[in-house]
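Visitor: Per TrEMBL, the features are:
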- 498-547: domain 'Cationic amino acid transporter C-terminal' (DOMAIN)
- 114-135: transmembrane segment (TRANSMEM)
- 147-170: transmembrane segment (TRANSMEM)
- 176-199: transmembrane segment (TRANSMEM)
- 243-261: transmembrane segment (TRANSMEM)
- 282-306: transmembrane segment (TRANSMEM)
- 326-349: transmembrane segment (TRANSMEM)
- 378-397: transmembrane segment (TRANSMEM)
- 403-422: transmembrane segment (TRANSMEM)
- 443-461: transmembrane segment (TRANSMEM)
- 467-486: transmembrane segment (TRANSMEM)
- 498-519: transmembrane segment (TRANSMEM)
- 525-543: transmembrane segment (TRANSMEM)
Amino acid sequence: MGGHEGFSNHLSSATWFSHFCASARRFKSLAPPSSQTATSADSLVRRLGLFDLILLGVGASIGAGVFVVTGTVARDAGPGVTISFLLAGASCVLNALCYAELASRFPAVVGGAYMYSYSAFNEITAFLVFVQLMLDYHIGAASISRSLASYAVALLELFPAFKGSIPLWMGSGEELFGGVLSLNILAPVLLALLTLVLCQGVRESSAVNSFMTATKVVIVLVVICAGAFEIDVANWSPFAPNGFKAVLTGATVVFFSYVGFDAVANSAEESKNPQRDLPIGIMGSLLVCISLYIGVCLVLTGMVPFSLLSEDAPLAEAFSSKGMKFVSVLISIGAVAGLTTTLLVGLYVQSRLYLGLGRDGLLPSIFSRIHPTLHTPLHSQIWCGIVAAVLGGIFNVHSLSHILSVGTLTGYSVVAACVVALRLNDKKERESANRWTSSWQEGVICLVIIACSGFGAGILYRFSASVIFILLSVAVAIVASAVLHFRKAYAQSLGSGFTCPGVPIVPCVCIFFNIFLFAQLHFEAWIRFVVVNVLATAVYALYGQYHADTSTVVYQRAPETESESY
């Protein structure tokens with residue numbers, strides 16, 4: 001009898017595992033752009049034009065970092081920080097090209113990187129991408145809210161009536177229980193106000209974002225123009241005092257100053273003309289950010305010798321040293337406006353990602369509900385505000401900054417891989433099947449090899465290994481990219497208004513560099529990546545696989561025919 005029960009349990013476990021594997025391999029079959037429409041009852045309202053999308057991307061990217069990060073990196077890279085921003089910007093342009101193709105290919109659905117990976121790969125990959133991205137967004141929103149509270153208090157203290165009279169729990173936070181908790185009241189209040197704005201509708205939130213973004217862009221332009229008259233070109237020599245390695249390391253740091261263009265991709269369902277406007281909005285916002293960052297770098301390093309730059313407020317102190325304190329006040333206002341828009345757009349993106357998973361059944365259906373009057377995902381938006389408010393109100397989330405950016409880098413890498421995988425999938429019906437593996441699987445293997453090579457090169461670079469070993473890792477990535485390039489013809493993406501140039505080389509370069517940067521993160525970030533993936537897999541196994549909406553998914557990719565050879 002015991003043997004029979006043991007056999008039954010074994011059979012039950014095998015059946016559950018088989019079901020899990022079959023569910024995890026499901027992928028979403030999306031309709032062509034012309035038919036990707038939703039009914040008015042369950043869809044968002046299309047109110048965002050091209051200019052709104054550009055401001056959305058700029059609002060997400062240009063924060064207080066333009067006034068702080070530039071100086072912090074310049075202390076090591078010197079005037080070469082300009083090259084750091086150029087290199088990081090060039091890398092982000094390549095990532096943005098991949099985003100632009102996919103945003104144009106699937107223009108009428110929310111979800112961004114999650115939706116792209118659901119269509120290109122499978123359900124479990126999409127869910128893991130969502131969880132990693134969402135952890136970044138939640139911690140980032142809490143951290144930004146704290147910074148915004150500190151900047152707001154600093155701005156108030158410019159007035160004599162408030163100077164020295166604002167308690168710690170309103171600004172930087174008051175430590176409790178030996179630093180275990182850090183109480184901050186103003187951060188949750190600010191989050192509640194921004195959540196309220198977002199709940200009112202995309203028109204209202206877009207108007208607030210547009211006003212605040214325009215304000216900070218004008219302030220940055222004033223800073224650049226005013227500082228241009230104080231430049232001493234002698235401060236630009238030597239241009240890279242600590243060598244190119246310091247410049248390259250600076251590029252890995254400032255890379256995150258550009259992230260935010262994915263917010264444009266996540267506004268697909270609210271864009272008036274998504275197939276045309278999304279690619280332009282993604283690229284346009286990124287180019288604006290690159291121009292502003294380079295202008296600030298040139299002014300900052302030209303005004304003050306890089307070795308004398310302040311770490312906390314380099315730009316403000318640079319102008320104060322030149323007797324231009326009124327510009328320092330503008331910089332404080334710009335920092336508040338910059339953080340406000342970054343936080344606003346971050347909360348907006350989070351709610352749209354939750355909306356996508358709620359619709360697909362991978363999260364409870366409450367996240368998929370659209371308010372009938374406001375036409376916003378009310379429950380998702382409130383949930384995102386609550387999570388950020390709790391984290392920002394009682395924890396010193398700045399201490400968690402070293403585990404951030406994991407989701408961003410992995411998400412960008414998966415998006416780049418999606419471009420290649422979808423192009424391969426577009427042609428699968430015309431390729432040979434007389435091989436030990438299909439070309440789609442071969443392509444995925446090559447992408448994994450490139451990612452591993454990028455991580456290996458990053459580790460070797462981080463620990464100052466011999467350049468020979470680094471070049472060996474690069475060579476492996478080049479061989480894998482060559483296999484993808486020469487063994488497959490990549491026609492224009494099906495149903496895409498915008499086509500990423502240089503496929504598969506451009507996506508391969510994106511993956512390699514993104515994972516190279518991943519290797520530069522703190523080792524605790526790697527632990528976070530593994531632990532979060534394990535926990536997310538458990539959540540999917542216990543909930544997601546059973547509740548997913550299977551009306552638009554396919555359990556396996558169609559068999560391939562024999563009409564095309566390599």
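Yeah, the Cβs are placed from backbone N, Cα and C, and that goes for glycine too.
Those TrEMBL annotations? Automatic predictions, nothing curated.
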Visitor: Counting Cβ pairs under 8 Å that sit 6 or more residues apart, are there three or more between the transmembrane segment (403-422) and the transmembrane segment (525-543)?
Guide: yes
Visitor: Is the transmembrane segment (498-519) in contact with the transmembrane segment (443-461), using three or more Cβ pairs under 8 angstroms as the rule and ignoring pairs under 6 apart in sequence?
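Guide: Answer yes: the transmembrane segment (443-461) meets the transmembrane segment (498-519) with 3 or more Cβ pairs below 8 Å.
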Visitor: Is it the case that the transmembrane segment (176-199) and the transmembrane segment (243-261) have 3 or more CB pairs under 8 Å, with pairs at least 6 apart in sequence?
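Guide: When sequence-distant Cβ pairs are counted, the transmembrane segment (243-261) does not touch the transmembrane segment (176-199), since fewer than 3 lie under 8 Å.
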Visitor: I'm a bit unsure how to read this: which one of 114-135, 282-306, 467-486 has the highest number of Cβ pairs shorter than 8 Å with the transmembrane segment (525-543)?
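Guide: Counting Cβ pairs under 8 Å, the winner is 114-135.
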Visitor: Residues of the same chain, at least six outside the transmembrane segment (114-135), with any C-beta under 8 angstroms of its C-beta?
Guide: 23-30, 102, 106, 350, 353-354, 356-357, 360, 362, 406-408, 410-411, 414-415, 417-418, 421-422, 425, 444, 528-529, 532-533, 535-537, 539-540, 544-545, 548, 553
Visitor: Averaged over the whole of the domain 'Cationic amino acid transporter C-terminal' (498-547), what is the pLDDT?
Guide: 93
Visitor: Between the transmembrane segment (467-486) and the transmembrane segment (326-349), are there three or more CB pairs that fall under 8 A, provided the residues in each pair are separated by 6 or more in sequence?
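Guide: Per Cβ check, the transmembrane segment (326-349) does not touch the transmembrane segment (467-486).
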Visitor: What else in the chain is close to the transmembrane segment (243-261), if you only count residues 6 or more beyond its ends and a Cβ gap under 8 Å?
Guide: 57, 59-61, 65-66, 69-70, 72-73, 76-78, 80-81, 83-85, 87-89, 91-92, 96, 99, 282, 285-286, 289-290, 293, 342, 345, 405, 408, 516-517, 520
Visitor: Mind tallying the domain 'Cationic amino acid transporter C-terminal' (498-547) by DSSP state, helix then strand then coil?
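Guide: Summed over the domain 'Cationic amino acid transporter C-terminal' (498-547), the classes give 39 helix, 0 strand, 11 coil.
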